[in-house]
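Structure first, commentary second.
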Amino acid sequence: MGEEETIVNDENSSKPKPSPKLTLLPLVFLIFYEVSGGPFGVEDSVKSGGGPLLALLGFLIFPLIWSIPEALVTAELATSFPENGGYVVWISSAFGPFWGFQEGFWKWFSGVMDNALYPVLFLDYLKHSFPVLDHVAARVPALLVITFSLTYLNYRGLHIVGFSAVVLAVFSLCPFVVMALLAVPNIRPKRWLFVDTQKINWRGYFNTMFWNLNYWDKASTLAGEVDRPGKTFPKALFGAVLLVMGSYLIPLMAGTGALSSSTSGEWSDGYFAEVGMLIGGVWLKGWIQAAAAMSNLGLFEAEMSSDAFQLLGMSEIGMLPAFFAQRSKYGTPTISILCSATGVIFLSWMSFQEIIEFLNFLYALGMLLEFAAFVKLRIKKPDLHRPYRVPLNTFGVSMLCLPPSLLVILVMVLAAPKTFLISGVIIVLGFCLYPFLTLVKEKQWARFIPEETRPVSGVSSESQLDEEHGDESAASLLP
């Protein structure tokens, strides 16, 4: 790596060439891919909801009680703390570095689990045209090639990832616009009202809804790479909310309205390709399959960017060793990207449903901390500079966070015993990892970035944390 990489320290004054900042349009589509990527994966909501009615109502109501509150919280806190690290910095500022580290660990693990889905799903779409990919001998090398190729694209620069997200999103959404137009003559609105209460699977329904509408906060870990984040972030989040809702509702209304309600039981992952064939023919089916495959690439790129820059941000504030802050000549966090890619490869053996339930559980824990931090920072730091401020008082923001908090608790309660067990192991691992890293820092077994060379942070110094958070901060990873 030599001349291509550098690390922020007091001995090295040379820095990599600054990479171009993210502007509004690429950020909109990066957030779109963090959250959605298109209607691929929403088909299960029709099956688990017993028909179109609950699926359509879910994608109308859930954004109001979940997506919009989470987006508003993200808009205020990401602009107040415009740093790589995002929610880790928010939680540390509100509750101290111990809980900030736990938030980072849960969210990173959840994100890597989520990212492990996309190379697998990409191959699942391609195997319809290339059956050889169904065999392990071909599938494993293909999985590795895809993962390393996409990892290299991330390494080349965030602005390239942002531009790729725009191109991939346009390509992925176009076939659904065409499908909706072709479906109009055959739509019967009464079909949208069908529901078979005997076939409702509430756990599957809520997990599908939650998975397809979460991760609004992930882009906050890129805040340090955004041009004028105080103005750009709120606009990008607003645009992404509209784009996500439209990308779900329009295809669902077209497909369920144009086809008989007797097909509700057939709606599962990948069924939109069959819907396309029934509405437009084989050519539309092929287009949707290609769009689905490309969408998974966009999802992978957006998720890996957030995960890698989160590790970089945690290193910059002294939570992780300094090598996680190492940047390439393109301004990307090399070691952090490789760490996230390694996690993706190791987790790709898990099943689709297992991954969704595990990542939802860990993500839900993190969101409860974020909502609590949002309210506490309104009380604890009323004078904090907030370029964007949710126009509600403390009681109002508490009420804003109540419905989504109840929703994430419901998702956790509905989890399978296996999910509780494995998630519990991950939580205990995070609790043990924090004091271990504290010991590493005290013994100087690894170098951490000195406070005087760090970026300006919203996280308090150790003396302030001692006063604000009591004994817990005595083992702080932050000086």
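Cβ atoms here come from the backbone N, Cα and C positions, even for glycine.
These come from Swiss-Prot:
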| type | residues | note |
| --- | --- | --- |
| REGION | 454-479 | region 'Disordered' |
| TRANSMEM | 22-42 | transmembrane segment |
| TRANSMEM | 53-73 | transmembrane segment |
| TRANSMEM | 86-106 | transmembrane segment |
| TRANSMEM | 130-150 | transmembrane segment |
| TRANSMEM | 160-180 | transmembrane segment |
| TRANSMEM | 236-256 | transmembrane segment |
| TRANSMEM | 275-295 | transmembrane segment |
| TRANSMEM | 304-324 | transmembrane segment |
| TRANSMEM | 332-352 | transmembrane segment |
| TRANSMEM | 355-375 | transmembrane segment |
| TRANSMEM | 395-415 | transmembrane segment |
| TRANSMEM | 420-440 | transmembrane segment |
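Between the transmembrane segment (355-375) and the transmembrane segment (420-440), three or more CB pairs separated by 6 or more residues in sequence fall under 8 Å, so the two stretches touch. By the Cβ criterion (distance under 8 Å, sequence gap of 6 or more), the transmembrane segment (86-106) is not counted as touching the transmembrane segment (22-42), fewer than 3 such pairs being found. The stretch from 22-42, 160-180, 304-324, 395-415 with the most CB pairs below 8 A to the transmembrane segment (236-256) is 22-42. Touching of the transmembrane segment (275-295) and the transmembrane segment (22-42) is concluded from the presence of at least three CB pairs under 8 A, sequence neighbours closer than 6 excluded.
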